[in-house]
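Report on the following structure.
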Amino acid sequence: MELWPGAWTVLLLLLLLLLFLLPALWFYSPSAKYFFKMAFYNGWILFLAVLAIPVCAVRGRNVENMKILRLMLLHIKYLYGIRVEVRGAHHFPPSQPYVVVSNHQSSLDLLGMMEVLPGRCVPIAKRELLWAGSAGLACWLAGVIFIDRKRTGDAISVMSEVAQTLLTQDVRVWVFPEGTRNHNGSMLPFKRGAFHLAVQAQVPIVPIVMSSYQDFYCKKERRFTSGRCQVRVLPPVPTEGLTPDDVPALADRVRHSMLTIFREISTDGRGGGDCLKKPGGVVEARL
Ligand SMILES: CCCCCCCCCCCCCC(=O)SCCNC(=O)CCNC(=O)[C@H](O)C(C)(C)COP(=O)(O)OP(=O)(O)OC[C@H]1O[C@@H](n2cnc3c(N)ncnc32)[C@H](O)[C@@H]1OP(=O)(O)O
Ligand SMILES: CCCCCCCC/C=C\CCCCCCCC(=O)OC[C@@H](O)COP(=O)(O)O
């Protein structure tokens, strides 16, 4: 293919511009740095998923594949300088099915989740994640359970099937009972699916709390630095003998204990409040 003679000069100039512009943006614009870091986070996960897919595919769709995804993602915390400190891991029941419930601040939760993910444990995820390119396929191969949040009836019947699978195939599930990402420094009201699931299967609930990221990450402020996060595993909550009527009180009790721990371990100096800085530099606290 013949290129117009000036084209090389233009290409060279563009390349030089990129070489200077990108580092300049990185160093002088915290917002640009935030975008690069988030773009790399997603891009890197998509790339790792491409590597994981053939390895998982030869084993077929299997919860054991979650181990492969976990191993592949464990190093990401080092790339971002995030120290993940795990406490209470001894609370995981050693060999029985259970339902893990944890707070959901951002897609960075994947880091804390992979740090403590027990064997044969699969997350319940929104159906849209299935279409996230290679990551969606890798999740499917690892047995991630997808629910359609727009169809309550369907989501509930999937959860009821899961209650059976928990017992027959000895698996554990990880649910984010807030049902969506929430970075407002507190926890949204809990949806009850996870608790119905645990009561139906009569298995314990293991609550896990990840401390606030607001020290090092704030989407609204476009701030993403290195930092520290504590992942606390709480003692299992038994559900034997409980009936569907007990679910609302059970969900409230678990949420209350998680919120107490969340406030205790979140050392962001903002009281766990909203990280959004008002124009005057005042931090708005919304508990
Ligand atoms: C290398 C590559 C790696 C890639 C990454 C790998 C890792 C990937 C990690 C991915 C992480 C991804 C993370 C993510 O994607 S997080 C987003 C998806 N997860 C969730 O949404 C989970 C939490 N949601 C729920 O539990 C909801 O309740 C569901 C979804 C079930 C329905 O929600 P919906 O909003 O539609 O309705 P509602 O909550 O108002 O409920 C309506 C009524 O039904 C009752 N009800 C509920 N359930 C049951 C039940 N089972 N049996 C009997 N009844 C049940 C309920 O009590 C209520 O009644 P009442 O109480 O008002 O009378
Ligand atoms: C060819 C198509 C390419 C599509 C590219 C899509 C880019 C996605 C890239 C990487 C995927 C990273 C997987 C991270 C998983 C994080 C799970 C997560 O945090 O899901 C959000 C969900 O809990 C709640 O969602 P909402 O807050 O309700 O919203």
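The backbone N, Cα and C atoms fix where each Cβ goes, and this holds for glycine too.
Taken together, the residues of the domain 'Phospholipid/glycerol acyltransferase' (98-213) have an average pLDDT of 95. According to TrEMBL, the domain 'Phospholipid/glycerol acyltransferase' annotation covers 98-213.
Annotation source TrEMBL lists transmembrane segment at 6-28 (among others).
Sequence annotations record features per position, and here TrEMBL assigns transmembrane segment to 40-60 (among others).
Annotation source TrEMBL lists transmembrane segment at 129-147 (among others).
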Positions on the same chain near the transmembrane segment (6-28), where near means CB under 8 A and six or more residues out: 36
Sequence-remote partners of the transmembrane segment (129-147) [C-beta within less than 8 Å, at least six residues beyond its ends]: 45-47, 49-50, 52-53, 56-57, 60-63, 65-66, 68-69, 122-123, 154-155, 158-159, 162, 171, 173, 193
